[in-house]
Structures are given as C-alpha cells and as structure tokens.
Amino acid sequence: MKPKYKRIILKLSGEALAGENGFGIDQDIINNIASEIKKLHEFGTEIAIVIGGGNFWRGRSNDNMDRSTADYMGMLATVINSLGLQDAIENLGLETRVMSAIDMRQIAEPYIRRKAVRHLEKNRIVIFSAGTGNPFFSTDTTASLRAAEIDAEIILLAKKVDGVYDCDPEKNKNALFYDKLSYIDVLNQRLQVMDSTAITLCMDNNIPIHVFGLKDTSNIIKVSCGEKIGTIIS
Ligand code: UDP
C-alpha cells in the first residue's frame with residue numbers, strides 16, 4: 001500500500017476514544033489508534049490530528065447552562081483527550097506536539113500556524129486541541145479551519161458508522177449508503193455528517209472529506225492510501 005496524501009488532518013470524535021459506555025478514555029482503544037497513527041507516520045505522511053470532546057462534555061447538550069460556558073468546558077475536554085492521545089503516541093516512540101487554541105502554556109504550545117507547519121515538516125505529529133478557541137463552534141469546524149490553514153490535502157473523518165447514510169443506519173436498516181457526495185448534497189439534504197459551518201468551510205476551500213468507520217482502526221491506513229471505503233465528500 002502506498003500513501004495517497006502528503007499532509008492530512010485526522011479528525012477523531014471524542015467518542016472514538018471511549019469504550020462501550022461512551023464515556024472517558026479506554027486505554028486499549030487509544031493505544032490501538034496510536035499504533036495505526038504510527039504506521040501512517042512510517043509511510044512519511046504528515047499528520048495533524050483534531051480530537052473532539054464528546055466523551056466528556058458537549059456544550060450543546062447542556063440546555064441549563066450558559067452556552068458559552070458550556071462550550072468552554074467542551075473545549076477543555078478536547079485538551080484532556082489530546083494529552084491522552086499524545087501520551088499513547090509518544091509511548092510508541094514518536095515525537096508529538098499538542099497545540100492549544102486557548103492559552104495554557106504549562107501543558108500545551110499556543111496554536112501558531114507557522115509553528116504547526118514547521119512541526120509537520122520536521123515529521124512531528126501535531127494535535128490541535130481546544131477546538132477553534134471559540135464557543136458556538138465544533139471540532140469538525142476546527143478540522144476544516146486547520147486543514148485550510150496548514151494546506152492539508154484532505155480531512156479523514158473517523159466515525160462510529162462506516163460512512164454517510166441518508167438516515168441513521170443504527171435506527172433504520174434500510175438506510176441508504178453513499179460512497180460519494182458533493183458538499184452541496186450534504187448541506188441540502190441536511191445529512192448528519194459534519195455541521196454546516198464545517199462543510200461550508202471545506203466547500204469554499206476545496207478540501208475533500210473522507211468519512212470512514214473507526215470500528216476497524218486499520219481503516220486509518222486504508223483511507224490514507226485512497227482505498228474506496230466509506231464516503232468521499234468533494
Ligand atoms: N467546542 C467549542 N468550540 C470549538 C470546538 C469545540 O465550543 O471550536 C466545544 C463544544 O461545546 C463541543 C465540545 O467542545 O460540543 C466538544 O467538541 P465536539 O462536540 O465537536 O466533539 P465530538 O462530538 O467530535 O466528540
């Protein structure tokens with residue numbers, strides 16, 4: 001197998017790091033993901049990672065709180081996940097940097113675009129934490145924004161399901177699977193793949209998105225080699 005891309009953004013949801021109960025970090029799962037990332041790194045691909053925080057906290061699902069406060073809590077959750085993944089990857093002997101969109105210099109570098117690009121050029125794996133640093137956004141939008149900023153060729157969007165369907169395949173067994181979609185289809189059909197801000201940003205900057213299932217972690221390598229699994233949005 002040969003890598004198709006030189007520089008990618010891998011977007012992992014917070015849930016991807018959790019076990020069956022959907023909460024917290026499962027050490028076996030995170031180690032598994034880390035070892036697939038190592039294989040991809042050995043191919044020479046420059047890897048930047050954006051992680052969500054849904055396994056700890058999601059701003060939008062806490063109606064009784066001030067939304068901005070709840071969102072800041074969500075951003076902090078992404079930092080916990082980023083440090084967890086950093087640890088798992090470094091245990092395998094790779095060099096990583098966690099960059100944070102919110103200043104917390106004791107535990108992460110501040111996000112500076114040029115520095116991030118330099119780290120990638122030096123073959124360090126960069127983990128973007130704290131989302132965009134702004135409430136009312138998501139980590140999907142973070143992935144789109146950072147992809148545009150660092151000139152990533154594609155966003156590899158890891159999901160619980162194996163691609164995009166017209167409705168939830170876990171609730172409807174007749175759900176229709178798409179292997180290819182346009183950005184505008186996703187927006188018009190309100191498909192639940194990324195929020196509309198994230199999709200629009202990709203559309204405006206011509207960044208393709210490859211959606212795939214992370215149940216089988218070896219899919220990370222497969223999508224990086226351009227294998228036809230999951231759904232491509234372009
Ligand atoms: N968040 C935010 N601004 C950002 C990114 C994230 O406010 O730029 C907050 C938001 O509350 C969100 C939470 O962080 O619910 C966790 O991120 P997300 O829901 O995207 O995580 P995922 O669903 O991918 O685990």
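We count from 1, first residue shown onward.
A Cβ is built for glycine as well, from the same backbone N, Cα and C atoms used for every other residue.
Marked as domain 'Aspartate/glutamate/uridylate kinase' by TrEMBL: 6-212.
A C-beta separation below 8 Å, combined with a sequence spacing of at least six in one chain, links Gly54 (ATP binding site) to Ser13, Gly14, Glu15, Ala77. Gly54 (ATP binding site) falls outside any helix or strand according to DSSP and counts as coil. What TrEMBL records for Lys11, Leu12, Ser13, Gly14, Gly54, Arg58, Tyr165, Asp168 is ATP binding site.
Taken residue by residue, the region 'Involved in allosteric activation by GTP' (19-24) breaks down under DSSP into 0 helix, 0 strand, 6 coil. What TrEMBL lists as region 'Involved in allosteric activation by GTP' is 19-24.
Residues or ranges marked as UMP binding site in TrEMBL: Gly53, Asp71, Thr132, Gly133, Asn134, Pro135, Phe136, Phe137, Ser138, Thr139. In the three-state DSSP reading, Ser138 (UMP binding site) counts as coil.
Neighbour counts of Cβ atoms within 10 Å were compared across the binding-site residues Lys11, Arg58; the minimum falls on Arg58. Remark: Thr132 (UMP binding site) has Ala101, Thr141, Thr142, Leu145 as non-local neighbours, by Cβ distance under 8 Å and separation of at least 6 in sequence.
For ligand 1, the nearby binding-site residues are Ser13; that is, of Leu12, Ser13, Tyr165, these have a C-beta under 6 Å from one of its atoms.
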